[in-house]
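Engineer: OK, Swiss-Prot features for this one:
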DOMAIN    30-653  domain 'Vitellogenin'
CARBOHYD  ASN358  N-linked glycosylation site
CARBOHYD  ASN484  N-linked glycosylation site
CARBOHYD  ASN502  N-linked glycosylation site
CARBOHYD  ASN616  N-linked glycosylation site
SIGNAL    1-27  signal peptide
Amino acid sequence: MENKNKKCLRTLLLLALFLGLLEDGKTALIAPNSQQIFKLQNQVILQELGRDSSSAETSYTFETDLKINSVWSGDEDQLLEVFISGSKVDASGKARSITRIPDRPFYISLVRGQPDKVIAHTSKDQSLLNLERGIASLLQLRLDASQEEELDVSGLCRVSYNVKSSTKVEKTKRDCSLWDLRVNYNPEEALGVTQQAQETVFYELSSEGTLLHAESQENHRLNLAAKPDVGSFVKSSLILQHVSQGSEEVKQLQLGSLDKAIQSLLEWYRVFELESDVDGMISAIKEQTLEDQLKASLTELQSADVGKSSLALAYVKLIPLARITRQEQFEDLLTEHAEVLPQLVDLLGAVQTFDAHNATFGFLYKESETTSEQLDLLEKYLQSLAVATHPDRKIVEHLFGLLEQESIKKHLKLRESVIQTVATLTRQSGLDVEDPLLKEVRSYLLQGLTSKEPTLYIRALQNLQDPATIEALLEHAQTGEAPNLSVAALQALKAFPLGSFNSSHRLQFESIFYQRKRRFDSSARTLALDIILSLRPTQEQLGNFLDYLASNDRQFEIKTYVLQKLRMLAEKCPRFRALFKSELVKRRHVNNYNVLGQKGLTTVLTRQLSQAPAFNETLLSTQEVYQGILKRGSVEFLLHAGRSQASSFKLGIYTAGLGSLVGDGDSGDGNDAIPADDEFSEDEAVTAGMEISVQGAQLRPLVFFSGQTELMGHVWGGSASDSTPAYQATTLSQDNEHYIILTSGATLHWRVLGARSVDLNGKVGFSLWNRNAQTEIQQNTGSAVLGHLAVGFTYAKLVQDFSITHEPKLSLNADLDFYSGIKLCMQLQRPEQLLKQTNVRSVFLQSVDRPYAKHVRSTLSHKTAGCTFALNQKNNEMCNLIFRDL
């Protein structure tokens with residue numbers, strides 16, 4: 001305690017001594033009426049994350065001499081005149097003189113001893129002006145508070161000072177506003193980027209309080225959230241070193257105030273704030289057009305390449321150029337390249353500009369004369385656009401206006417896709433709750449709930465995810481007469497952010513699951529359970545779920561679902577696992593084989609698809625079985641980044657009324673003694689379809705058949721026995737771009753674009769004679785991530801370009817035998833995967849007499865062995881029975 005008090009006393013004495021210097025009138029870092037000579041050095045180093053890299057390979061150093069004259073002073077105010085001379089830049093031992101910096105001085109005004117404005121010539125380039133702001137910011141040293149905010153070249157920053165001695169001070173900067181200037185970003189953390197920044201400034205003063213040395217050291221780490229070892233590390237130092245006192249006489253401006261002194265300069269100069277502006281030249285795209293890049297990529301953009309990483313990589317390379325392309329140019333490309341139209345409309349959806357939107361609709365939509373092929377392409381465009389994270393508001397307004405036109409009402413599928421896209425884009429736009437557009441879209445969708453097709457609007461509300469619609473969805477979930485309405489409403493509610501629900505909502509979900517007021521479809525009950533569990537159940541609620549397992553409810557498939565869901569959560573969360581075990585031990589009537597050995601075929605599981613050094617991806621599979629037949633199933637691919645996760649793709653299958661075709665699941669030789677669940681509806685229509693969600697955007701569902709007549713047509717005609725594409729598209733995944741201003745004034749530009757190309761196809765074989773069926777679903781995915789970083793100023797630049805390509809594939813085979821009892825065997829397989837990573841770091845000396853460039857390349861690859869995923873013991877037993885004679 002005594003040592004601590006001594007340390008505090010020492011700090012206070014140092015601070016008092018330092019403040020004493022300030023009070024004695026020796027506050028100026030540059031002595032009034034004097035000339036001081038300094039040397040300025042700025043070094044910027046770019047390193048690749050994940051491996052050792054020599055700083056000398058990708059770095060530059062800028063050096064110059066500064067002559068600082070104090071040309072006006074009064075009280076604590078001062079005007080400094082700064083001349084830059086003898087400038088040079090060096091990279092990899094190659095030094096180049098800079099002769100283009102004008103010999104005109106710039107000025108720094110100081111108010112109460114602190115830099116306030118930069119007065120510079122209007123013709124100077126942006127990066128040089130930023131450098132001048134950086135020089136001025138190094139003179140910002142204040143000790144009137146231990147922690148506060150300061151405005152300097154990096155914007156508004158939180159700062160704190162640490163007085164080391166009477167002549168040495170350390171300043172720490174945090175959370176500067178210009179360290180994260182976002183242009184585009186993905187709201188899903190797992191699909192975003194992570195940035196860490198810090199800066200420390202060291203000051204050394206003379207015994208009189210004048211500046212001898214100022215040194216800024218800042219670090220910026222930029223990486224993919226889902227793959228932290230991929231990205232860049234930028235280090236920058238800015239050093240101002242006092243050399244000597246100048247010998248020239250400093251002519252003073254004989255004016256009565258600082259404002260008048262500044263005013264006298266404004267014939268040729270302008271006044272600028274300390275806060276920097278982005279130097280747009282750092283992100284300027286080379287002289288290349290979208291048409292040139294498209295022609296160079298045509299071989300990778302063919303329909304046969306869908307599902308391959310080569311197409312995804314070509315796709316993301318086109319995005320930056322496409323975002324600066326005009327409508328007329330898009331129209332020409334659509335006309336000239338008809339052979340790759342499907343890929344072009346995917347691209348234009350990802351562009352998210354009004355020019356791309358107008359070109360697409362102008363080319364494809366002909367109102368009543370629109371052909372079926374054009375309608376398909378328009379739907380494809382809308383599906384790509386629906387994944388957009390920063391759509392132009394005018395696009396949303398145009399699509400919403402289309403819904404009122406009579407011509408589009410005749411194209412039912414297109415109209416539904418427009419509704420789903422409008423809902424998704426409205427959510428992605430992040431509109432204020434009082435925004436008129438949000439209110440109009442919400443009102444339109446809520447009115448649709450009373451139409452003849454309420455499920456369409458319920459799906460749209462799922463995409464909108466507006467908390468103001470929760471009550472309406474809950475009402476449909478609890479009072480809807482048709483089972484599919486309750487299921488759709490709960491499926492929509494499950495998509496909402498967890499923070500949208502309150503305790504009243506939780507009670508209503510419990511009421512649905514436990515059927516306290518009425519009976520509900522089994523899918524509605526399992527969806528309600530999912531929401532309750534995602535809201536983190538209390539100890540009492542968990543105990544109630546365990547007690548339910550031993551209840552007399554005869555819906556054994558739901559009990560199986562509950563048990564598997566609880567076990568899955570226990571595997572993932574240590575806290576929940578401890579709670580689960582403690583509650584289970586308390587219940588002897590539950591903790592026995594009779595209850596825990598549930599009889600159902602329903603399966604809930606999660607499996608690791610890949611992990612570091614590849615991406616951390618898991619598969620979440622839910623197969624809800626009814627009378628031995630798959631009633632509702634889903635396979636969802638989740639990308640993880642720390643504690644956050646994002647759904648990259650979700651495939652759902654739903655069926656109804658198929659039990660009559662396969663007979664009684666309990667008849668037979670007794671191999672499959674599964675008691676039938678309670679009947680919910682005896683006259684259920686025979687239907688089946690597919691639901692697809694891409695990065696949380698629910699697409700228009702695909703209906704396989706509706707009615708027994710249509711089903712039997714497929715059975716006898718064998719129309720589903722050949723592999724048929726169900727979904728083929730390339731969509732944007734990562735879409736992040738932002739700028740950082742370094743203390744030296746150099747601009748850093750970072751852009752990360754990612755795409756996923758998906759080819760989903762399947763086939764079904766059905767034999768009433770042999771009483772069996774076979775289903776095969778194949779998903780081929782090609783993903784690519786392209787990163788670009790550039791940092792520098794007019795005369796030097798560092799660049800890093802990296803790419804990651806990956807082709808994860810998955811196949812699901814299901815064999816159903818209902819010749820004697822019902823036996824269902826599912827096999828989930830993943831073939832070998834290869835992840836490739838390339839990286840190129842470059843240094844450029846430019847706008848000098850002899851330009852210089854150097855490139856450093858590296859590659860990395862990682863193989864993941866193929867495997868067949870274990871599902872559960874019941875599935876293993878079924879597979880052994882079906883294939884015992886093979």
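A Cβ is built for glycine as well, from the same backbone N, Cα and C atoms used for every other residue.
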Engineer: Round to a whole number and give the Cα-to-Cα distance in Å for the pair ASN358 (N-linked glycosylation site) and ASN484 (N-linked glycosylation site).
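Structural biologist: A Cα-Cα distance of 37 Å.
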Engineer: Counting only other Cβ atoms and using a 10 Å cut-off, which of the glycosylation sites ASN484, ASN502, ASN616 scores lowest?
Structural biologist: ASN502
Engineer: Enter the number of other CB atoms within 10 angstroms of the CB of ASN358 (N-linked glycosylation site).
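Structural biologist: By my count, 16.
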Engineer: What does the structure give for the C-alpha distance between ASN616 (N-linked glycosylation site) and ASN484 (N-linked glycosylation site)? Integer Å is fine.
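Structural biologist: Here the two Cα atoms are 35 Å apart.
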Engineer: Reported as an integer number of Å, what is the Cα distance between ASN502 (N-linked glycosylation site) and ASN484 (N-linked glycosylation site)?
Structural biologist: 25
Engineer: What average pLDDT does the predicted model assign to the domain 'Vitellogenin' (30-653)?
Structural biologist: 92
